[in-house]
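A.B. asks: This is the structure, below, for whatever I ask next.
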């Protein structure tokens, strides 16, 4: 919390404490929307903040303005340590002193003797720390990952709806297995597999990104097949050009989610090996990673379409959750250092009207264009700030401050009200508003809702109301087909309508359903379940074909035209899985 329009991303936890939600937040990183469906299936009486973990009573870890943990060690008042991730009953602290990076490798991280030797060495140097223990983590769960009785709902209608969503997932998965097994995606109209150029030669993106959805839906046979494929066939020794962002949210997020759900060591093994391959992207004058990396050589560069060789806010800002956990599992602090350095730079540079533009030079560290959006190019940067704060058991005060400062600027400059009373979030281009809101931006109804508890004093209800209003507007954008356009506008008399032909397509995006799901979990207002079910029925009616689910060209057309090939490389199966997972969570 996972496809988004390059480079968007979307997805998680209300006022959950780290102990209480960090697994849930991890789900939504890799499978941002699939997991949403599963949350709907949790018992109606269970508040989101009580889904997973119990309160951790260990000393808090606070991130200071210099991005290091300021904690005095007896006899060494100047000693600083990096912040750590809290898991259950313990907090791991690790020194980042002068330890050479070449002392660590993914292979060594899995050798018990090597682990013991490092722990002993750390103790001799006055450091405290221990290897990550999945069994220790498991003991801290308030409830099993699948919930009591797998969250079986009490009423028959909700149970029927949940089973229907599960059938849709199995239908999509079976066709992927039949026609595209091992490829990155399925093209359902031509019934063939597609690899694409987004993952640098890596295969099986749909398999990795669906692991947690299969598991939480109880599709254990399919989960075991996926696990076996990863064990035997997921080869990380590729030598191609990959999107740092996409590899992180699909592969790293998917493997981390699967590991935390199941404890299967193969997922931990693979994710640590892959994480190492991503580090060279940060070798820039500023430490801001470039968007494209060759997984074999480590060479990196910026996207050709990115203005003046810039890096994208939603790409370099959507690494924090996964990289913190890579440090936790590997005991290698470098992953955390890399993402904390990004924050450090962002806090130092001037922000126009407090806003974060979407393009930043990895060479100079300056903004390249003053284009601001909470949709594509910007979206998941804000999502990761609030989730980092929540995942840290609310100790990451830097993330908290950055998120609420950004929200204040967004409200002051971007949030608008239409003549008809609809609240929407416009885009900002050098001081001029573009009254357009993309489907990707519709995740914000959920994000603002989960962050309502911890904002400025007296603002909780304001944020809850704002979240409800934005979600309502996105629901209004869903056309008579009950599916929404890629973007809608509020101008020339239009109210939440795609006025341009180029914006009328729908490619199985999950963000609107994501906000419905959060609103349901936060309020238990039945209308959100009904809105979700409307969308499910629309998917069945307009998007289901013989070999899966397809996007459509025009959500307003009386005759539906399907996409023979989807607009974006990695869209066909994964966003559908995200959406189905959110549906599943609706009816739990």
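A Cβ is built for glycine as well, from the same backbone N, Cα and C atoms used for every other residue.
Okay, so TrEMBL annotates it like this:
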- 22-42: transmembrane segment (TRANSMEM)
- 66-127: region 'Disordered' (REGION)
- 108-119: compositional bias 'Basic and acidic residues' (COMPBIAS)
- 246: active site, proton donor (ACT_SITE)
- 379: active site (ACT_SITE)
- 442-474: disulfide bond (DISULFID)
- 486: active site, proton donor (ACT_SITE)
- 511: active site (ACT_SITE)
A.B. asks: Give the number of CB atoms, excluding that of residue 246 (active site, proton donor) itself, located within 10 Å of its CB.
C.D. replies: 25
A.B. asks: Roughly how many angstrom lie between the C-alpha atoms of residue 511 (active site) and residue 474 (disulfide bond)?
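C.D. replies: Counting only the Cα atoms, the answer is 9 Å.
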A.B. asks: Could you measure between residue 474 (disulfide bond) and residue 486 (active site, proton donor) for me? Cα positions, answer in whole angstrom.
C.D. replies: 11
A.B. asks: Round to the nearest Å and give the CA-to-CA distance linking residue 486 (active site, proton donor) with residue 442 (disulfide bond).
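C.D. replies: Cα-Cα distance, residue 486 (active site, proton donor) to residue 442 (disulfide bond): 11 Å.
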A.B. asks: Between the Cα atoms of residue 246 (active site, proton donor) and residue 442 (disulfide bond), find the distance and write it as a whole number of Å.
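C.D. replies: The separation of the Cα atoms works out to 20 Å.
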A.B. asks: Can you check which residue among the active-site residues 379, 511 has the largest number of Cβ atoms within 10 Å of its own?
C.D. replies: 511
A.B. asks: Are there any residues at least 6 positions away along the chain from residue 442 (disulfide bond) with a Cβ closer than 8 Å to its Cβ? List them or say none.
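C.D. replies: Correct list: 470, 471, 474, 477, 484, 511, 512, 514, 515.
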A.B. asks: Counting every protein chain present, what is the number of Cβ atoms, excluding its own, within 10 Å of the Cβ of residue 486 (active site, proton donor)?
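C.D. replies: A count of 22.
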A.B. asks: Return the count of C-beta atoms lying within 10 angstroms of the C-beta of residue 474 (disulfide bond), excluding that atom itself.
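C.D. replies: I count 28 other Cβ atoms within 10 Å of it.
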